[in-house]
Each structure stands twice: as C-alpha cells, then as structure tokens.
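**Student:** If you scroll down you'll find the structure; I have some questions about it.
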Amino acid sequence: MAEVLVYVDHVDGAVRKPTLELLTLARRVGEPVAVHLGPNAEGAAKTLGEYGAVRVLAADAPEFADYLVAPKVDALQAACESVRPAAVLVPSSAEGKEIAARLAIRAGSGIITDAVDLEAGDEGPVATQSVFAAAYTTKSRVTKGTPVITVKPNSAAPEAAPAAGAVEALAVSFSDGATGTRVTARTPRESTGRPELTEAAIVVSGGRGLNGAENFPLIEALADSLGAAVGASRAAVDAGWYPHSHQVGQTGKSVSPQLYIAAGISGAIQHRAGMQTSKTIVAINKDAEAPIFDLVDYGVVGDLFEVVPQLTEEVEARKG
Ligand SMILES: Cc1cc2nc3c(=O)[nH]c(=O)nc-3n(C[C@H](O)[C@H](O)[C@H](O)COP(=O)(O)OP(=O)(O)OC[C@H]3O[C@@H](n4cnc5c(N)ncnc54)[C@H](O)[C@@H]3O)c2cc1C
C-alpha cells in the first residue's frame, strides 16, 4: 500500500488535534507516515502511532525553531524524496499553507489548499473544497507530481487506529536559503483558557447586535459554558469591541467547527465565507428577515440580551 506523508503540527512534542484529523484522512488514501520536526519525537510517536502512523520520520535541529519555514520545507522535501508518497498532507494553518506551497513549487507538484474532505480516487486522492464563500463545493485532484494537500481543521473526527509509529531518523541538509530569515523574538499570546478559534469544535460569535464591548462577556460566558472559542464579526471588530484575531470571515479567520453560534450577526456574505462550512449553525437575531437565517440549522428570532443568558444558564444547568 502506498504511503502518505502527514506533516505533524505540535508544541514540544504535544501533537495538535488537526494532525490527528490528517492521520485519519490519510488512512483513506494509504499508510500514514508522520514527519515530526523538532523536539520530543519519541513522545509524539505514541500519539501518532495510536492514530495510525506506521512510521514517524523525525528530525531535530535548532534551525527549525530559529528560522522561519524554509528549514521545515527542506526537511519535508527530504522526507518526500525518501518515501515517494502517494500524497503529502499538511494542516491548513498559515504556516502549514506556506510550507505546502513551497514544497509543491520545489517538487513541481500540484497543490490543493483548504480541503475539507479527502477520499481515495482511481487516479489519486480527491479533495473536497468549499469555494466562493462556500456557495459551491468542488472536488479536485492533483494531476502533476506528488499531490500536496492542506486540510482545514475540523474536517474529520480523529479516529484511533493503532499502528507501529516507529521513530526513524530523517536525514536533512539545509539549503542556502534555509537560514535567510531568523526569528528574533517570541512573545507567547496571553492565554484565555479557551480553545484556538480555527481549531475549536464549538465557536460562539458576536456581532454589531451586541451594541458594545461591554456586552461581549455575554458571548464569553456562553462560550465558556460550552468549552468554545469566541469569534466576532468585522463590524464588532472594527468598532473595537473585540480583537481582530477573533474576526471570522473573508478578511478574518476561516472556521469549520461542529457547532457555530452567531448572536447579533446579520450574515453578510463576507462573514459567511468564514463559517459556512460549520457542521451545525445556530443564529440568534431579533430580525426574522436577517440573511443569516438562510443558512442556519436552528434559528432563534429574539433579543440576544434575553436569549444568550438563558442559553448559558440552561447549558450550565444541564452540565449538572
Ligand atoms: C472586502 C470586505 C471584507 C469583509 N470581511 C468581513 C469578515 O471577514 N467578516 C465579517 O464578519 N464581515 C466582513 N465584512 C463586513 C460585512 O460586509 C458586514 O458588514 C459585517 O459582517 C456585518 O457585521 P454584523 O453582522 O455584526 O453587523 P450588522 O450587519 O449590522 O448586523 C447586526 C445584526 O444584529 C441584529 N441585532 C441587533 N440587535 C440585536 C439584539 N439585541 N438581539 C439580536 N439581534 C440583534 C440585527 O438584526 C442585525 O441582523 C467585509 C466587508 C467587505 C467589503
């Protein structure tokens, strides 16, 4: 069976959920081989093996942390040349997409970004994308070289499928360009204790209907009751009510959670572009004609200042 390379997204060896989703999707196409760059490959291999990695190709060097993406591209290219995989899967983060694009150019391969599903096809893996503000779903396959595919977080539920996960050293020699851009400082983001917006299984977003920054704690309280991330429309962000890093939409982040709750958001096309692939969509809006109701699974026509606190209370009560 052909092997499929999966680029591992991790923090010091703690494998992040999107990688487990990639391993799950990779098994539809071939045997997953994980590429782990940086420290603690042995620790990561336990998780990677549990989710189906037959092998873990590991390399650690200061270059991975000290410079921007080029050293990682060198390593992934080395893995690609040694394995000759049926496909290379990379998480669709900003960094992942840059790594994937550079790899595809070097390898002379076609690339598909932001896939939301993946299946085996007679002539190679077929990726599903949601395009034109999610108005269309397309299926595509790479016709040239080794398919390089980036997959959005939450595209598949991670399924365990124990495999050997044997760690093997990956030999990497860095190119001249690898050390062209050095990282000069790192400041960790202040933790809110909430999940990362693009990876969260549940997102609760607030819009202009909130009427001011002072009312966003209503959204935060509902989010916290559900273990969700907080999002915002551009109108709320532009008004300075919530940080731009939380903006969902065409010029913000693209999210695809299991559940998306929009409160006081009208559902403009640019907002929909960033959330329409969510599995279940719930909207709370006092205007029954608001366009958001065209795409919801459940809609509440009502005042968010009444509905949201009641919802939070009910969720808390049911948690017992
Ligand atoms: C190039 C470009 C890029 C853009 N990118 C983005 C983007 O990335 N993300 C994004 O979100 N927007 C984006 N926009 C802006 C977008 O067009 C909308 O202006 C924006 O999404 C509107 O935000 P909103 O829904 O919060 O506000 P509004 O459209 O003003 O809607 C507010 C809603 O709240 C409801 N409401 C008011 N009070 C209450 C209440 N008490 N209870 C319940 N409901 C209430 C109203 O009925 C209304 O439907 C972009 C626009 C352009 C031109």
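Each residue, glycine too, has its Cβ placed from N, Cα and C.
According to TrEMBL, the feature domain 'Electron transfer flavoprotein alpha/beta-subunit N-terminal' maps to 4-183. According to TrEMBL, the feature FAD binding site maps to Arg208, 233-234, 247-251, 264-271, Asn285.
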**Student:** Of all the binding-site residues here, Gln247, Gln250, which one's CB has the most other CB atoms within 10 A?
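**Tutor:** When each Cβ's neighbours within 10 Å are tallied, Gln247 leads.
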**Student:** What are the sequence-distant neighbours of His271 (FAD binding site), meaning same chain, six or more residues apart, C-beta distance under 8 angstroms?
**Tutor:** Gly207, Ser233, Arg234, Val248, Gly249, Gln250, Ala262, Ile265
**Student:** Starting from the Cβ of Ile265 (FAD binding site), draw a 10 Å sphere and report how many other Cβ atoms land inside it.
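**Tutor:** Other Cβ atoms within 10 Å of Ile265 (FAD binding site): 31.
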**Student:** Take the domain 'Electron transfer flavoprotein alpha/beta-subunit N-terminal' (4-183) and average the pLDDT across it for me.
**Tutor:** 96
**Student:** Note down the number of other Cβ atoms within 10 Å of the Cβ of Ala268 (FAD binding site), including every protein chain shown.
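**Tutor:** The answer is 17 other Cβ atoms.
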**Student:** For Arg208 (FAD binding site), list the number of other Cβ atoms lying within 10 Å of its Cβ atom.
**Tutor:** 17
**Student:** For Ala268 (FAD binding site), what is the secondary structure state per DSSP, taken as helix, strand or coil?
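**Tutor:** Once the DSSP labels are grouped into three classes, Ala268 (FAD binding site) ends up as coil.
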